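So the structure is just underneath, and the comments pick up after that.
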């Protein structure tokens, strides 16, 4: 099997992301990167946990956080994780069109999540005067949640660039690993969010 | 560089491949349902009055940990073969994460 070879559903390998050496290297390297990302977010989570009551005159998190908004954002991101699973399912079955469709839905859900986050930050800043410089809590909160939001924004750009760049190329052993690795990244963003909604928002509402 | 022998093998495997992918998908949809359920339980626990924070906080962290395991093993395919190195990388990261969080909530600034 060659990298640029044309495939059909019959001839496409079951795990196209790991057939070529380049694919294998991408896979391995990307998981190494995710290990590093875990450490990066751990340092931000640890800082937030240590400073979560140092609000220095800012309203406490129990007053600011809105459970409905966070719940909707969580559902959007969680569902986008499932839609990217669907995309990979169609990739493995060599259905390029359906894969593109589900990736498109993933992007829309992710964009919805990002929109809510921007609204939320704006709301805290204007209503409560809660900013990145107003307290240690503010610094820790905006750095942690903002770094996650930046990852979401990067993921949206990454997946949409992949979709556009490979629209005419279709699926082969060169493009399949690219889509696979991008979907891993998207799931990892959701993994981080699970801890953010638990540690930052839910624990912040408990007090 | 077309391997005729393996090509014929792949041809006859189309049905098998499709079934295998469909089965994986079924487990992924099931784990999605579970993840939604865990999320809702976590939100409800916090919204319910009269539950002490001594219970709520460890409980919702446990729910998050379970949910992340489903995300990693089903959505990110760590339950499949050939994920030994990814597991090593990820768990090394988790180990450092655990030490970092432990240090920050127990020693630093206290």
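For all residues, glycine too, the Cβ spot is worked out from N, Cα and C.
Note on Swiss-Prot: of A:123-143, A:144-164, the range annotated with the feature transmembrane segment is A:144-164.
With respect to Cβ pairs under 8 Å, the transmembrane segment (A:186-206) is most closely packed against A:67-87, considering the stretches A:30-50, A:67-87, A:101-121. For the transmembrane segment (A:67-87), the list of distant contacts is 98-100, 102-103, 105-106, 109-110, 112-113, 116-117, 119-120, 152, 179, 183, 186-187, 189-190, 193, 197, 201, 205: same-chain residues at least six beyond its ends, Cβ to Cβ under 8 Å.
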